Amino acid sequence: MALASTEKVVLGCVAFGIFWVLAVFPSVPFMPVGRTAGSLLGAMLMVLFRVMTPEQAYAAIDLPILGLLFGTMVVSIFLERADMFGYLGGALAWRSRGSKDLLFRVCLVSAVASALFTNDTCCVVLTEFILKLARQNNLPPQPFLLALASSSNIGSAATPIGNPQNLVIAVQSGITFGQFLLGVFPAMIVGVITNTCILLCYFWKYLSVPEKDQERGAAAAAAGPEAVVADDEVTSHRFTPARMSHASSVNGVDADCVSEPIRRSDSLNRADTHSMRSRSYNSEGDIQVAIRSMRASSMSQEMVEVSTVGDRRDDGLVGPRKITRTTSHQRSVIIEDAPEADARDGDKGKDGGEVKEKRWKVLLWKSAVYLTTLGMLVALLMGLNMSWSAITAALVLLAFDFTDAQACLEKVSYSLLIFFCGMFITVEGFNRTGIPNALWELVEPHSRIDSAKGTALLAVVILVLSNVASNVPTVLLLGSRVAASAAAISPASEKKAWLILAWVSTVAGNLTLLGSAANLIVCEQARRAQFFGYNLTFWSHLRFGVPSTIIVTAIGLLIVASY
């Protein structure tokens, strides 16, 4: 493709440059409008500057990718409500055997979760779990936060639903879910193990904390006010596929779920047993506040009951009650005198049956969510259309919920979908200037994947461009060109080229803190965490990210190229 007219080239570069600045630096002082508005501005300028017509702009929007994104968002929302991420957090703390074992678990759990639920979602829900674990065990947070961010990026490379750029590759290439998994999964496993070894070598001295010090740190964290997790809303990143909301109740269902009375002697055990459950799924912080309030008031017989404010609005209970409110506006801890609780316990025949019935309903609902998600994964492995498989699973979950779908659909990150629409138009307009094609013609003869030197050069180009222009625009710019170059060699080489693009563009996100949205999510979530916040700096990430990215990319590239 020859270069367009000078006017189109200049105006197209201006529009794409504005999009790039706002996409990479969403809070620039002269126009802090964010990535979503930046992508729409770039798309609008492409049409206004007549680089492309409105009809061409509409045609540039890839509906199958948007459908796949939407379906996976809805499924992630239901998995959050069904406590899936709470169980993942519990797996991190279950029978942990020290700091190094904990680091390995963080790498493994975050990699597997990212492959199935997207890396951004995984980082949103697991960051504060990991911060609290490090606090309780008197360990430095930095190695665990780096383990979460880097392993999430590496793990997400294994499946088409692991991250947005893989969605684009899977739809444009026509590679089935199973073929994608077989091609990249071995590299992902080796990459996660390699990344873990690098982390252990890099932070060995910091992780060698005596066991007694870890126990002391755990006791101090449990006793002090820092152990209380404020139930504020989790702040998700703009790229987060499903924005995490805490409008759901303790069990992940609506606020009409009946809460079960917990005696004071049991509450301490439950607080220890479930200390690592997510703030989204229980009120452990509220329980701790209630326990300290009981001790201060010197009551001999009290009962702690955790419930949502909505549960207490019309329950008809009378008598004195003390309400201790947390920072959240959604829940309260209600402390009641034992005689009233005992009187209610005497009426177990009726109330106990209702509680048991609602428990069965919750269990049935969770089972339906897990089975539907499993069915979606099976459909993807069978090679069925990925977009419609995800949309079908989302609609089945909405139907099984038996409630107005508006509350669930409001949690979908429509800003991400709009960002993709604008990005599709902007990148297509830039392609029409002829500049990307002219640059590729200079590089293509030296970056063919039929030689080791060519594969290495292609990987370097993808690595650099992914950190300069971000990974999704890189895939949109290079995807068809890399595939066409490889197709001239053989059909098998074309598939291999797409998988190389998926692997390198994803792992490239570990190079710098700005290289991946997952990195920014971990950094921001850790900084905002109450009581045990931690500031992960750009340079501290870079010192680990550069060697890790180079080594993991090279090892994985050898495996993917041999597929």
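Along the chain as shown, the residues are counted starting at 1.
Note that Cβ sites are derived from N, Cα and C of the backbone, with glycine treated the same way.
Annotated features, as they stand in TrEMBL:
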- 9-28: transmembrane segment (TRANSMEM)
- 31-508: domain 'Citrate transporter-like' (DOMAIN)
- 59-79: transmembrane segment (TRANSMEM)
- 102-131: transmembrane segment (TRANSMEM)
- 181-204: transmembrane segment (TRANSMEM)
- 334-353: region 'Disordered' (REGION)
- 341-353: compositional bias 'Basic and acidic residues' (COMPBIAS)
- 368-400: transmembrane segment (TRANSMEM)
- 412-430: transmembrane segment (TRANSMEM)
- 456-478: transmembrane segment (TRANSMEM)
- 498-522: transmembrane segment (TRANSMEM)
- 542-561: transmembrane segment (TRANSMEM)
Flag the pair the transmembrane segment (412-430) / the transmembrane segment (59-79) as in contact if three or more Cβ pairs fall under 8 Å (sequence separation 6 or more). yes
On average, residues of the domain 'Citrate transporter-like' (31-508) score a pLDDT of 74
Per the 3+ Cβ pairs under 8 Å rule, pairs at least 6 apart in sequence, do the transmembrane segment (456-478) and the transmembrane segment (542-561) touch? yes
